[in-house]
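Listed in TrEMBL for this protein:
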- 55-161: domain 'THUMP' (DOMAIN)
- Leu179, Leu180, His204, Phe205, Arg263, Gly285, Gln294: ATP binding site (BINDING)
Amino acid sequence: MKLVIVRYGEIGLKGRNKKYFELALERNIRNQLPGVKTRTTGGRVYVETGEYPLEDVKKTLERTFGIQNFSMGTMVGFDVEEILSAALEVSEVEVSKGRKSFKVETKRANKKFPVRSLELSAFLGEKILEKFPELHVDVHNPEFVVGVEVRNRGTLLFSSKLAGPGGIPVGVSGKGLLLLSGGIDSPVAGWYSLKRGLDVHGIHFASPPYTGEKALEKVIDLARLLSMYNGGREFKLYNVGFTKAQLTVHRRVPEKFSLIIQRRTMMRIATEIADKLGYKVLITGENVGQVASQTIENMYAITEATNKLVLRPLTGFDKIETIDVARRIGSFEISTRPYEDCCTVFVPKEPATKARIKDILRTESGIDFDTLVNEAVQLTKVYTIKHGQVIGVEAFKVAE
Ligand code: ATP
Ligand code: MG
């Protein structure tokens, strides 16, 4: 029987909440691989993968937050010949990858099993060497380990550990709304929020006809990518019709403040949608000191427009670090396609870098933001995305 051993990292530290985290991880695995059986015991999740191709299982677990590492394995009985043939199978996979050195590591939890750990390791090692003469044993620094665990239910054999993405299971931290531009930073910020257990959905502000179909397509592609990391949930992307609000701001406020007030307008709209639909927190790709809108003063002025907690996972990242992650998760190629951003279209030549909130509030007085926000929300389209596919598009509505 094919069995994957999933080891979690941080969940192990969760004390009384551990069970809750474990169940969430099991559920996220089953969501993505319907039909598999899962069981948590002794600090590991065992996944019976049935007929699933191992490559699919591997790809899925590599993207499942909460997993520190995992090993592909097989569960057999207590017959030594059976154990041997499973050990040879495990070795064959590693040999086919060009690995040259190995060791066998046996643990015997089931003391009724008559052969001792060291003896079993030695026996299996010898047989493996016979079958694959190109291999040699290296007990200190082997290229692969044949793990053998003699348990009460049977004998488990598994090969080297494959890395999971770490973090904690998506969903345990509640729902978060990511301000998703088409840029490099915000998808990475979304990825790190998923990693901290937030069930992240996206909101994008588009200003047609100043921004085109291609820009939207890009954001949808980024959302599709993020939906591959959310434990098999539905990812909602709210595409807000921002043109009127943006034009109004552009016309009504001095150019040096337009960038900040435009961002404040985004914050207000995101807050409205978050409150209506139960998102606990907003997330942005902001960083400190990267661009004009990201001085501490301006970030404060922007955030002052919302009463929600705003997470900025990239504070502390250099751009180069962000780009590294973007490449690794696959968002970089999408983010660097050319497109028009609603903000670059209207970007002021000399934005204030140290806006004072007093001046901003005075400038905003007389603009009817409530109406602008409501109109923008009415013009919002909701894309439902699951496992990388758009499965529905509808007008925004609040569930009864
Ligand atoms: P990014 O690379 O994510 O676009 P940036 O370095 O361009 O970020 P800004 O332009 O200051 O920085 O944007 C800061 C954050 O504001 C973005 O990371 C994103 O969270 C949000 N944001 C900006 N423009 C939009 C938009 N059109 N729709 C949704 N969110 C946006
Ligand atoms: Mg940007």
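Placed from the backbone N, Cα and C atoms, the Cβ positions cover glycine too.
Annotated features taken from TrEMBL, shown on the structure.
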residue	record	DSSP (3 states)
Leu179	ATP binding site	strand
His204	ATP binding site	strand
Arg263	ATP binding site	helix
Gly285	ATP binding site	coil
Gln294	ATP binding site	helix
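Between the binding-site residues His204, Arg263, the minimum number of other C-beta atoms within 10 Å of a residue's C-beta occurs at Arg263.
Largest Cα-Cα distance over the residues recorded as binding ATP, namely Leu179, Leu180, His204, Phe205, Arg263, Gly285, Gln294, equals 19 Å.
Counted over every protein chain shown, other Cβ atoms within 10 Å are most numerous around Leu180 among the binding-site residues Leu179, Leu180. If you count neighbouring Cβ atoms within 10 Å for each of the binding-site residues Phe205, Gly285, Gln294, the highest count belongs to Phe205.
Using DSSP to sort the residues of the domain 'THUMP' (55-161) gives these counts of helix, strand and coil: 40 helix, 31 strand, 36 coil.
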